[in-house]
Number of protein chains: 2
Amino acid sequence: MKALQDKIVQDGKVLSETVLKVDSFLNHQIDPKLMQEIGQEFANRYKDAGLTRIVTIESSGIAPATMAGLILGIPVVFARKRKSLTLAGNLYSSKVHSFTKNETNEISVSKDFLKSDDVVLIIDDFLANGEAVKGLLDIVGQAGATASGVGIVIEKGFQDGGKLLREKGIRIDSLAIISSLEDGKVTFAEGELAR
Amino acid sequence: MKALQDKIVQDGKVLSETVLKVDSFLNHQIDPKLMQEIGQEFANRYKDAGLTRIVTIESSGIAPATMAGLILGIPVVFARKRKSLTLAGNLYSSKVHSFTKNETNEISVSKDFLKSDDVVLIIDDFLANGEAVKGLLDIVGQAGATASGVGIVIEKGFQDGGKLLREKGIRIDSLAIISSLEDGKVTFAEGELAR
């Protein structure tokens with residue numbers, strides 16, 4: 001997605017060969033117009049998939065997921081990273097390790113908002129080693145729902161999450177795939193993966 | 001705001017005389033269409049305020065804030081509740097106690113995304129005792145920015161946060177003000193507060 005790639009080049013900060021900071025438009029500050037364009041792109045790709053619900057994870061997945069949900073006319077559920085008092089019980093849960101934050105969170109979705117007849121698009125901001133997506137797929141599976149695919153804003157193509165998930169036959173739509181952050185420079189993957 | 005009041009009556013769950021659960025459209029599952037209407041309402045009320053930025057707090061403030069930001073054409077910053085590794089340093093921070101979750105979080109906003117010439121609308125999902133709003137106002141003040149007002153989706157009018165903030169001269173725009181949750185029933189405040 002060209003507008004996203006341009007934004008990454010313009011405003012992203014390469015902190016190391018593995019860390020790209022996009023706090024200025026996705027992870028801390030949000031660019032609502034770009035989120036709308038991202039939501040539109042996900043909606044275009046999944047408009048014929050018969051989706052009934054979008055599942056994402058707090059916090060950075062919420063903005064693009066909500067935009068996609070608005071365009072597709074379906075609700076969005078965001079998995080919570082900790083159990084809150086009002087959410088206790090009645091949950092699907094899975095453990096997710098974040099290498100960036102070096103911590104393991106239990107993510108949870110209420111059984112009220114994910115049913116066995118749901119056809120789900122999973123949306124998340126980043127795909128690196130795939131831990132968060134695996135946790136969300138686990139939760140969708142626990143509900144007996146169908147995961148139609150996974151929409152990712154930025155995939156770190158040099159980490160193995162995308163490869164492992166695609167090898168399992170899971171449809172992954174990444175709007176920008178980064179093949180390298182070497183020499184402080186963002187290089188995008190080309191060809192069919194980048195679509 | 002009628003559509004919001006109707007949704008609260010239809011889908012909200014009164015768990016006690018102080019707890020209203022709106023997990024089906026705001027705090028866990030998100031109704032994107034309603035979020036757009038809420039964003040439009042905030043945008044209408046603040047369209048002449050010269051806003052340059054919206055500040056909210058993860059996670060439930062993000063969807064309505066992003067919709068308002070889209071309509072107003074300004075960026076949204078969400079305060080983080082914990083320091084993440086990539087955000088360390090360069091932060092405005094404030095302590096916020098959540099009575100619902102019975103925990104105190106440090107909330108933080110990067111100095112990169114809040115400047116002394118900013119005119120800010122603060123948006124949050126709930127206003128009860130006002131702790132989160134006070135923390136966000138503290139952060140806006142640390143940046144030397146101007147808080148034009150506070151947009152709240154649901155105010156618990158029977159708790160004192162709204163009263164205390166209004167007494168300080170802070171403009172509060174609550175789209176639904178609940179005066180009571182007694183007898184398992186939602187009663188809304190009428191008159192000028194409810195606008």
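Any Cβ shown, glycine's included, is placed from N, Cα and C.
Because TrEMBL annotations are produced automatically, they should be read as predictions rather than curated entries.
If you check TrEMBL, you get these features:
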BINDING   B:Leu20, B:Asn27, B:Lys156  xanthine binding site
DOMAIN    B:34-156  domain 'Phosphoribosyltransferase'
TRANSMEM  B:61-79  transmembrane segment
BINDING   B:Ala128, B:Asn129, B:Gly130, B:Glu131, B:Ala132  5-phospho-alpha-D-ribose 1-diphosphate binding site
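TrEMBL feature annotations superimposed on the structure.
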residue  : record                                              : DSSP (3 states)
B:Leu20  : xanthine binding site                               : strand
B:Asn27  : xanthine binding site                               : coil
B:Ala128 : 5-phospho-alpha-D-ribose 1-diphosphate binding site : coil
B:Lys156 : xanthine binding site                               : strand
Tertiary contacts of the transmembrane segment (B:61-79), as residues 6+ beyond its ends and Cβ separation under 8 Å: 26, 30, 32, 35-36, 38-40, 42-43, 46-47, 51-55, 107-110, 113-114, 121, 123-125, 135-136, 139, 151, 153
Of B:Leu20, B:Ala128, B:Ala132 (the binding-site residues), the residue whose Cβ has the fewest other Cβ atoms within 10 Å: B:Leu20
Residue among the binding-site residues B:Asn27, B:Asn129 whose Cβ has the most other Cβ atoms within 10 Å: B:Asn27
Recorded xanthine site residues B:Leu20, B:Asn27, B:Lys156, farthest C-alpha pair in Å: 15
B:Leu20 (xanthine binding site) and B:Asn129 (5-phospho-alpha-D-ribose 1-diphosphate binding site), Cα-Cα, nearest whole angstrom: 14
Pairwise CA distance, B:Lys156 (xanthine binding site) versus B:Ala132 (5-phospho-alpha-D-ribose 1-diphosphate binding site), rounded so that it is a whole Å: 14
5-phospho-alpha-D-ribose 1-diphosphate site, defined by B:Ala128, B:Asn129, B:Gly130, B:Glu131, B:Ala132: further same-chain residues with Cβ within 8 Å of the Cβ centre: B:Phe99, B:Phe126, B:Leu127, B:Val133, B:Lys134, B:Gln159, B:Gly161
Cβ neighbours within the same chain of B:Gly130 (5-phospho-alpha-D-ribose 1-diphosphate binding site) - under 8 Å, at least six residues apart: B:Asp160, B:Gly161, B:Gly162, B:Leu164, B:Leu165
Which same-chain residues, if any, lie at least 6 apart from B:Glu131 (5-phospho-alpha-D-ribose 1-diphosphate binding site) yet have Cβ under 8 Å of it: B:Val96, B:His97, B:Ser98, B:Phe99, B:Gly161
